[in-house]
Amino acid sequence: MELLRANLPRVRIPEPTNRIYKHECCISFDTPKSEGGLYIDMNTFLAFGKDCVGWNFEKTGNPVYLHIRQTRKLVCEDRPLKKPTLLAIGVDGGFDNNEPEYEETRNIAILPDYVRLAVDAILMAEGAERKEQVASWTADKKHISEYALNLQQLGNGVFIHPSGWKCAKCDKTENLWLNLTDGMILCGRSNWDGSGGNNHAIEHFKETGYPVAVKLGTITADLDAAEVVGSFTVMYMSQGIVFWTDDRRTEDKQNLLIVLSKIGALLLSDVFSYPEDESVLDPLLAQHLAFFGIDFSSLRKTEMTTAERELDQNTNFDWNRIQESGQEMEPLFGPGYTGLVNLGNSCYLAATMQVVFSTRSFCSRYYMTQSLKKAFEAAPADPTVDLNTQLAKLAHGLLSGKYSVPAPEKEDTTNVANATPIAKQEGIPPRMFKGVIAASHPEFSTMRQQDALEFFLHFIDQVERVNAGKPEFDPSTSFKFGIEERLLCPSGKVAYNRRHDCILSLSIPLHLAINKGELEAFHKSKGERDTQGKEVSADEIVRPRVRLVDCLRSFVAEEEVHDFYSTELKAKVTATKTAGLISFPDYLVLHMRKFVMEAGWVPKKLDVYIDVPDTIDISDMCSKGIQPGEELLPEPAAEDMAEPKLLADDDIVSQLVSMGFNNLHCQKAAINTSNAGVEEAMNWLLSHMDDADIDAPISQEAQSVDQSKVDTLVSFGFQEDVARKALKASGGDIEKATDWIFNPTNVSSSSDMDVSSSTTSIADSPLPDGGGAYRLMGIVSHMGTSTQCGHYVAHINKDGQWVIFNDEKVRVSKNPPKDMGYLYVFERLNS
């Protein structure tokens, strides 16, 4: 006790604003369950495992620590697994992992001596890991739709029968949606695998603007089903009464369920707002259904809601091919075979980082040449916010093998000491790394699914930033290479542009599919079945098969660039562009552009196979540079650099003025719609009458981006700043701008593209270079309809065999899906 009193000046009582770490070591993946437990510095509130706490004492001199250790309890009876009723982890009604219970001991440790004492302040505080991680992820809470509250229903005499529903425009009898305005019953969206509907419900909205629909078959008054409402904050308004419920704050849950069974179970129904493009709550659903003669109390649920379909996908992955489901696969343990725990839709991060830390450059930088102690000594006062420290932590966690050991069987409750190891591991949770790498990015800091390509580009950019000025320490350079573009003007003169990149984004030339005969036969057969109302099974679907070599050739093939300003001809012309590489990286990352925009600006994922060989040689893609006899286009003059100012069309302005609109406003409307026509200008004018700068002189405004085109992209669901950037990068072309948003690294335009942080000036640091022969070493595959949903898995060729990394599950791969990859990583062969 005397020793403790002597060190009391170094002990702080935590305040509400302090970040307290008590669940995981800040420089290793040790937890209170690890051997030796966890030590919390009572001055900084950072946590350390038993191997690291001495380093902190040497660095800071802080001697007083709260020591927490958890040991597994003996449990005498098995706990049966509960079927989840809620898309959540770690909450009532969610996924039950049947986790074992632990007994916790707490002591005060004074280095180098130990004194026993209880400390309440730290123990009662919520851990920073918990706050930042938000480990118990749930589906986004639904909100009450204003469209539902203000819905105007048409008195057209429509009466809906309680059964026998069928789409009014086809023969679909499932996935049917009742439009709550006019009572039309129409089928839902078509899914990526060909299932679902024929898009008739959304087409009806586009034709009529009727905003809200409910999925038939999901309406229920079942009291048991009302249990799942607990995940939502519910507001129900009827006859001036407002009910606000949340089962965590409601003491009498039984009374709550009775209320919900009468007025709130309707909230379980799948209601969709087309203008908001999301599932919503309709508190007046009973009233809206009664308008068409539907008594909800007599209905029983017969179909899964959208949320339940998502739950079903999360509990029963049916993407068998990529995950190699149904196969007995040998589990792997040891150095380099450590899984990453899914923090809730973080599989994009896990798959990407497994591939990254399978490269020699990142292994050498953050594991082979830098010990954890060395990384900690070089770290700032708070190592949890330092990217280099967290990369070293992640590298040692993945590559040391310390955490890649068989986990004891959780169901063995008779004798923990004699628990039989089973063929799986617990994996490590990359919470702190995710917190650091996502701190500067609004999307990656959420718990939503993200695009693995975008994450890779962001990651490489951040690694480059923290190693700025020290290129010899920057492992991201191993992915970088130079691209040279040659633009041929009709005058015969040429221009050359160079840039750096770290991925090669490839379009997929479907017209070069090698199985055209099979495809034609399949589509003919499918057409015949469609007319007969028969469906094609998943096993019968024939997909286009395209060779990777044809995708690579499409990158270097000639293409036309419209509206290219020729400094020789002093006019906009159509130029011819070709591209090639000026260096070959140590690791070549190929991005397959599977996500495209189809007719109607609907995002679509190409259902296609890519024939990828084990080795490739891209030496023939090397750029030849300026050739003898070629003449370069002259440098642009100052007047060429000035952006031409668009003038308003006099005819459009005069017609609008004749309708009574202000002349200045009419000019702005014409300019902002690129003189497309009177109707377009009027629509812009009516929607911008209340703009704060509507009366500002035109000369004071920047007209570089067409606002109507920005509005069009925003209507597709893109953020306005992203839309503006995309239009600027694509010369104002909406189609190219949309392509830029989905594939920001492969857009052709004559404009000054501010594409992404992955492209830099060719005059930057020198690039690695070597031969053009490569070996396939990693695949990141995606399952789902878009990059914002679904699941990512990595396959990596290690030690002469293919290995599947599926979050924390690490297995020997028997049949790697080489033809289904989203990102392919090739390692250069030794010349």
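In case you wondered, yes, glycine gets a Cβ from its N, Cα and C as well.
Annotations in TrEMBL come from automatic prediction, not curation.
When other Cβ atoms within 10 Å of the Cβ of CYS347 (active site, nucleophile) are tallied across all protein chains shown, the result is 25. The active site, nucleophile annotation in TrEMBL covers CYS347.
The annotation active site, proton acceptor is assigned in TrEMBL to HIS791.
The 10 Å shell around the Cβ of CYS170 (Zn(2+) binding site) contains 14 further Cβ atoms across the protein chains shown. What TrEMBL lists as Zn(2+) binding site is CYS167, CYS170, CYS187, HIS200.
TrEMBL lists 139-260 with the feature domain 'UBP-type'.
Taking the domain 'USP' (338-829) as a whole, pLDDT averages 82 in the prediction. Annotation comment: TrEMBL describes 338-829 as domain 'USP'.
The annotation domain 'UBA' is assigned in TrEMBL to 647-688 (among others).
Positions annotated as domain 'UBA' by TrEMBL: 704-744 (among others).
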Which is it, of CYS167, CYS187: the one of these binding-site residues whose Cβ has the most other Cβ atoms within 10 Å?
CYS187
Work out how many Å separate CYS187 (Zn(2+) binding site) and HIS791 (active site, proton acceptor) at their Cα atoms, rounded off.
26
What other residues of the same chain, not counting CYS167, CYS170, CYS187, HIS200, have a CB atom within 8 A of the CB centroid of the Zn(2+) site?
ALA168, LYS169, ASP171, LYS172, LEU176, LEU186, GLY197, ASN198, ALA201
Compared by Cα position, which of the recorded positions CYS167, CYS170, HIS200, CYS347 is the closest one to HIS791 (active site, proton acceptor)?
CYS347
Nearest to CYS347 (active site, nucleophile) in three-dimensional space, by Cα, is which of the binding-site residues CYS167, CYS170, HIS200?
HIS200
What number of additional C-beta atoms lies within 10 angstroms of the C-beta atom of HIS200 (Zn(2+) binding site)?
21
